[in-house]
Amino acid sequence: MYSLPDLEPLKDFNAIAVLTSGGDSPGMNPAVRGVVRAALNQNIRVYGVQKGYSGLVAGELRVMTSASVRNIVQRGGTILKSDRCPEFKDPAVRRQAIDVLQREGIDALVVIGGDGSLTGAHCLAEESDIAAIGLPGTIDNDIFGTEDTIGFDTAVNTALDAIDKIRDTASSHERHFLVEVMGRNSGFLATHVGIAAGAEMVVVPEYEVQIEQLGQQLSDSRRSGKGSSGIIVVAEGRDPGLTYRLAQQLTQHGEEPRVCILGHIQRGGRPSGHDRVLASSLGAMAISYLLAGYSDIMVGVANGAIVDVPLDSVIRYRKGLDPKLFELALLLHK
Ligand code: F6P
């Protein structure tokens with residue numbers, strides 16, 4: 001797995017809090033467990049915040065013990081619950097959250113979530129003397145500064161499990177299936193799933209879909225006897241209903257495709273072994289970074305190691321889909 005940095009403890013903490021925020025991802029529970037157990041090992045009091053930033057603003061905190069995180073390493077979802085909190089963009093709302101943390105004598109906050117959640121952590125670090133550490137938790141794997149995110153591996157495997165089954169019926173009926181995976185703004189999940197499923201085509205928000213070309217390609221392979229059935233993986237994109245519209249357009253090319261939307265199934269389920277180790281390592285390392293005096297950083301992964309990345313760069317830059325990987329997804333089915 002990923003190698004862990006050596007960090008020298010320089011600071012003491014009285015109490016820390018941990019929350020999960022945004023769309024949940026499989027592995028958030030082992031991450032929470034990692035944070036809680038590593039902090040308790042250092043005799044730091046730990047609070048679990050319920051329902052992300054909304055719960056923080058409302059003061060919904062509970063003391064976490066070692067037993068609070070017993071038997072959760074294998075569970076999907078998040079025992080702390082999660083929420084999207086657009087109100088947190090308002091500095092006055094963030095001030096209420098800071099007041100709650102200060103009232104409880106909490107010196108640091110660990111936030112597990114996607115880019116919106118990490119933006120909230122960055123603002124808190126800038127606007128108070130509370131240390132903030134972010135951990136990348138999203139099935140989308142679209143966070144700048146980290147090659148991997150908690151939940152991505154599980155979501156890829158969940159989609160593959162479904163697609164392998166769909167392929168059986170696609171083949172029996174000589175049909176093409178459009179399988180929609182998550183990814184509103186990014187095609188990481190679709191591209192990885194496409195490669196691993198041996199998909200005939202992958203559609204991602206980063207590149208415009210050439211429907212004429214796709215229709216032609218499907219009819220050609222049917223005519224030549226090369227492929228009378230197949231899988232087209234489509235990232236949901238920003239445009240609701242995209243996959244159904246694509247299917248409709250393909251019927252104009254003589255195809256009779258079927259649509260399968262995998263949807264939120266990809267966000268649930270037991271975290272994979274990979275995600276459990278990743279989440280546990282990131283959770284425990286969040287405490288090591290805090291003790292070493294770090295704040296306003298995300299703990300992520302680069303070049304086979306756990307690394308720290310300033311939160312302002314995490315939220316300023318966009319992680320781009322590697323065009324070579326996308327090309328590979330298109331090339332391998334030929
Ligand atoms: O958390 C990321 C994500 O799963 C995206 O892939 C998806 O577009 C979005 O969340 C769905 O969010 P919600 O559950 O709020 O509809």
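Sequential numbering from 1, following the chain as shown.
Placed from the backbone N, Cα and C atoms, the Cβ positions cover glycine too.
Owing to the predicted nature of the structure, the values given are computational and were not obtained by experimental measurement.
Database features (TrEMBL):
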ACT_SITE  Asp140  active site, proton acceptor
BINDING   Gly23, Arg84, Cys85, Gly114, Asp115, Gly116, Ser117  ATP binding site
BINDING   Arg33, Gly34, Val35, Val36, Arg37, Arg167, Gly198, Ala199, Glu200  ADP binding site
BINDING   Asp115  Mg(2+) binding site
BINDING   Thr138, Ile139, Asp140, Arg175, Met182, Gly183, Arg184, Glu236, Arg258, His264, Ile265, Gln266, Arg267  substrate binding site
DOMAIN    16-289  domain 'Phosphofructokinase'
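Annotated features taken from TrEMBL, shown on the structure.
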{"residue": "Gly23", "record": "ATP binding site", "Cβ neighbours (10 Å)": "19"}
{"residue": "Val35", "record": "ADP binding site", "Cβ neighbours (10 Å)": "30"}
{"residue": "Arg37", "record": "ADP binding site", "Cβ neighbours (10 Å)": "18"}
{"residue": "Arg84", "record": "ATP binding site", "Cβ neighbours (10 Å)": "16"}
{"residue": "Asp115", "record": "ATP binding site", "Cβ neighbours (10 Å)": "20"}
{"residue": "Ser117", "record": "ATP binding site", "Cβ neighbours (10 Å)": "27"}
{"residue": "Asp140", "record": "active site, proton acceptor", "Cβ neighbours (10 Å)": "25"}
{"residue": "Met182", "record": "substrate binding site", "Cβ neighbours (10 Å)": "23"}
{"residue": "Gly198", "record": "ADP binding site", "Cβ neighbours (10 Å)": "14"}
{"residue": "Arg267", "record": "substrate binding site", "Cβ neighbours (10 Å)": "20"}
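Long-range neighbours of Arg258 (substrate binding site) (same chain, six or more residues apart, CB within less than 8 Å of its CB): Ala170, Arg175, His176, Phe177, Leu178, Ala247. Among the binding-site residues Arg33, Arg37, Cys85, Ser117, Glu200, none has a Cα sitting within 10 Å of the Cα of Met182 (substrate binding site). Among the recorded positions Cys85, Ser117, Asp140, the ones whose Cα is located within 10 Å of the Cα of Arg184 (substrate binding site) are Asp140. Contacts of Gly114 (ATP binding site) defined by a Cβ separation under 8 A and a same-chain sequence distance of 6+ are given as Ser21, Gly22, Gly23, Pro136, Gly137, Thr138, Asp140, Asp142, Ile143, Thr149, in order along the sequence.
Counting in whole angstrom, Ile265 (substrate binding site) lies 19 from Arg84 (ATP binding site) by their C-alpha atoms. There are 24 other CB atoms within 10 A of the CB of Glu200 (ADP binding site), with all protein chains counted. The Cα of Gly116 (ATP binding site) lies closest to that of Val35, out of the binding-site residues Val35, Arg37, Gly198. The CA atom of Asp115 (ATP binding site) is located 20 Å away from the CA atom of Val35 (ADP binding site).
Filtering Val35, Asp115, Ser117, Arg184, Glu200, Arg258 by Cβ distance to ligand 1 (under 6 A) retains the following binding-site residues: Arg184. Within its own chain, Cys85 (ATP binding site) has Ser21, Gly52, Tyr53, Ser54, Val57, Gly120 as residues 6 or more apart in sequence whose C-beta sits under 8 angstroms from its own. Sequence-distant neighbours of Arg33 (ADP binding site): residues of the same chain at least 6 apart with a C-beta under 8 Å from its C-beta are Val69, Ile72, Val73, Ser280, Gly283. The binding-site residues considered are Thr138, Arg184; of these, Arg184 has the fewest other C-beta atoms within 10 angstroms of its C-beta.
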